[in-house]
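J.: One structure, pasted below without further comment.
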């Protein structure tokens with residue numbers, strides 16, 4: 001048995017001693033997933049996937065089922081927590097150059113897409129006014145696909161409009177996809193431990209490793225406890241903090257809301273979609289807003305893995321973070337000036353990051369060579 005295997009057996013999992021709190025979000029995501037599956041199971045027991053009964057069944061869960069309000073609110077709030085954690089997890093990966101572990105990064109991107117699909121299907125299930133119209137707008141984008149669009153939309157809807165078959169299949173998909181997320185998470189973790197975690201410096205950790213337990217496991221437990229505390233504070237004092245008032249009304253196909261918007265965690269992609277006044281162009285931009293993450297491992301040009309010692313890249317990274325927040329904010333506003341122009345400008349900035357960062361990598365290489 002090699003020394004590496006002996007080390008693995010004796011220490012369970014050797015990890016770099018200098019990994020920071022930003023490395024705790026993976027375990028927090030796993031906690032969120034377990035929480036979602038558990039609460040989702042209990043909600044599914046009482047939920048009815050029928051357009052005439054779905055809205056009433058959600059009210060029945062919150063009013064009549066013992067502790068049903070806790071299950072329902074916990075499921076909704078921890079979905080938001082899930083996305084907060086995953087966005088921080090992705091930002092950490094971009095900042096510290098973790099995308100260079102290509103298999104892990106690409107499996108993570110697949111996980112993000114599956115999670116977004118799951119959350120979208122779940123948002124439709126209460127059959128509130130915003131649920132119905134968000135589903136109508138987003139699924140209608142499939143019609144932009146040449147030749148196959150109309151057929152795909154009809155197949156997804158189960159008819160010529162969003163109706164009972166649509167809700168049934170959305171419920172089935174929302175139930176089955178978390179298990180796909182579990183499978184993908186397992187692959188993600190296996191691929192990660194094949195090479196091992198990176199560290200903030202972006203250097204090889206082999207010379208300075210410590211056992212994962214108890215050193216890093218206690219750090220994970222601290223973050224886990226903090227997250228659960230925040231979750232229950234929100235649940236107890238502001239359970240409807242992230243809900244839209246429009247969704248407390250039953251879906252009515254005859255009344256269009258003044259401003260259609262999905263949940264806050266989709267607003268960045270929705271803002272990019274809305275900024276392009278063309279259906280096919282908007283649909284492609286929406287798809288690319290997530291798929292562009294897959295290009296990052298192949299466009300890395302810097303000699304240094306992490307952005308920790310690259311001040312120019314740091315400025316660009318924090319510009320991306322500000323852009324992400326601004327797109328989210330503008331997408332929550334009506335389609336009117338000045339929000340249209342702000343949304344279009346920030347969408348250009350968002351995609352510019354992925355084009356500019358390789359060029360900036362080359363520039364930084366030249367500067368370093370000049371200094372040497």
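Glycine too: its Cβ is placed from the backbone N, Cα and C atoms.
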J.: Between 218-238, 239-259, which stretch does Swiss-Prot give the note transmembrane segment?
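T.: It is 218-238 that Swiss-Prot describes as transmembrane segment.
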J.: What three-state secondary structure does DSSP assign to residue 193 (ubiquinone binding site)?
T.: helix
J.: So what's near the transmembrane segment (25-45) in sequence-distant terms, Cβ-Cβ under 8 Å and 6+ beyond its ends?
T.: 61, 71-72, 74-75, 78-79, 81-82, 85-86, 88-89, 92, 175, 178, 181-182, 185, 220, 223-224, 227-228
J.: Given a separation of at least six residues and a C-beta threshold under 8 Å, show me what packs close to residue 193 (ubiquinone binding site) in the same chain.
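T.: Result: 13.
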J.: Any idea what the Cα distance is from residue 174 (heme b b562 binding site) over to residue 89 (heme b b566 binding site), rounded to a whole Å?
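T.: On Cα coordinates alone, these residues lie 23 Å apart.
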